[in-house]
Amino acid sequence: MHNDSNSGAPGTPSGRIRRRRGSNEVPPEVAKANGNHLLVNDRSKYKSMLIRAYSSVWMIGGFAFIIYMGHLYIWAMVVVIQIFMAKELFNLLRRAHEDRHLPGFRLLNWHFFFTAMLFVYGRMLSQRLVNTVTLDKFLYKLVSRFVKYHMVTCYFFYISGFMWFILTLKKKMYKYQFSQYAWTHMILIVVFTQSAFTVANIFEGIFWFLLPASLIVINDIAAYFFGFFFGRTPLIKLSPKKTWEGFIGASITTIISAFLLANVFGRFQWLTCPRKDLSTGWLDCDPGLLFKPEYFTLPEWFPAWFLSREIAVLPVQWHALLLGLFASIIAPFGGFFASGFKRAFKIKDFGDSIPGHGGMTDRMDCQMVMAVFAYIYHQSFVVPQNLSIEMILDQIILNLTFEEQLAVYTKLGQIIQDRTFGES
């Protein structure tokens, strides 16, 4: 009698697929079936589109409100996103059976996480914190002490976590514990290294955070809809539902949007002015030549529906074109990397915190790549290389004691006085 290997009894191992409760792991048969269908041929695509659209509206609305609230609130949003991402990534290699024998071991991950947060943001924002409390003598002294001993404090927290890890090592659990230790540090490097650039962009001016982030959102939405309606040609094996039609359509849409959005965002001082402290007040600054319009006269052969032959273009719009080019061609590879990563762990999504989108990490893969490029581009091609008076004063306030500042003031006054008499 012939036995069909695909028709095992329910009680046999081959007759059912065992799956962890609450896991995102996709059964091989389902993954194989779904992987061979493009989105344009997916029968349930309209239902998933509605769920995705509903959650997208809420996310965009909340994002717009946080942008309106200002720099500190955007920073707080980034911190919350980091916590969600770390939680999702920590859980990837988590094993419930081993964790039951290691009470407090999960807490050690978060100890390293918040130590890294204190180190990264303490280093980045210490100068702005000093600028915030300069007028209050007591707070100024307190913050100055914190800045001075910040590094040794972080090192103490880290080395205490290291000792904690060593003291919790258990026989027959060494491999699991050391793999978790290495995994935790890799997560911290990935999450904080890239998120630090995001926060740096925020305080350089919300414009340099908002425009790159918006371009990634636009690229993602455009790729989804172009692939939804026109996708026929698979783009890459790591993401079977991504198509060349979606990629090309999204690229064109993103580059055009970059040019237009830069003109809109560049007209608001709230978005273009850098934040030198940690206050929440209104900003008033000279945004510089990048945000002052230049006027161009259109040639006669342009369509008659143009209301004026003269158009205003902000110089920053030319920079925006390069950001749009990166967002449409290079940044999607962050998504491809995440797709390959998920396939390696045999999961569909990193989490389920956002209906229709997966987890927070699923939404941030391209954003992280884009944030790093935006910061490097801004520092390399936008920020002037010469030292400004504000930068010199910031260094004096941050690094010198009150007595040393007084000595600089006295010495500078003497130099100016000598020059004045010399010229007369």
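Every residue, even glycine, has its Cβ placed from backbone N, Cα and C.
TrEMBL lists 1-30 with the feature region 'Disordered'.
Residues annotated as transmembrane segment in TrEMBL: 74-93 (among others).
Per TrEMBL, transmembrane segment is recorded for 105-126 (among others). Using a Cβ-Cβ cut-off under 8 Å and counting only residues 6 or more beyond its ends in the same chain, the transmembrane segment (105-126) has close neighbours at 79, 82-83, 86, 90, 94, 99, 146-147, 150-151, 153-154, 157-158, 160-161, 164-165, 168, 177, 180, 184-185, 188, 192, 195-196, 199-200, 203, 278, 398.
Sequence annotations record features per position, and here TrEMBL assigns transmembrane segment to 146-169 (among others).
Among the features that TrEMBL reports, transmembrane segment is placed at 181-200 (among others). Listed by sequence, the residues of this chain that lie at least six past the ends of the transmembrane segment (181-200) yet keep a Cβ under 8 A from its Cβ atoms are 75, 78, 81-82, 85-86, 89-90, 92-93, 108-109, 112-113, 116-117, 120-121, 124-125, 165, 209, 367-369, 371-372, 374-376.
If you look up TrEMBL, you'll see 206-231 (among others) marked as transmembrane segment.
The transmembrane segment annotation in TrEMBL covers 243-265 (among others).
Long-range Cβ contacts of the transmembrane segment (316-338) within its own chain (Cβ-Cβ under 8 Å, at least 6 residues beyond either end) map to 207, 211-212, 215-216, 219, 223, 236, 238-239, 247, 250-252, 254-259, 261-263, 266, 290-291, 350, 361-362, 365-370, 373-374, 377, 381-382. Summarising the annotation, TrEMBL assigns transmembrane segment to 316-338 (among others).
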Under 8 Å for C-beta pairs, could you tell me which stretch among 74-93, 146-169, 243-265 has the largest tally with the transmembrane segment (206-231)? 243-265
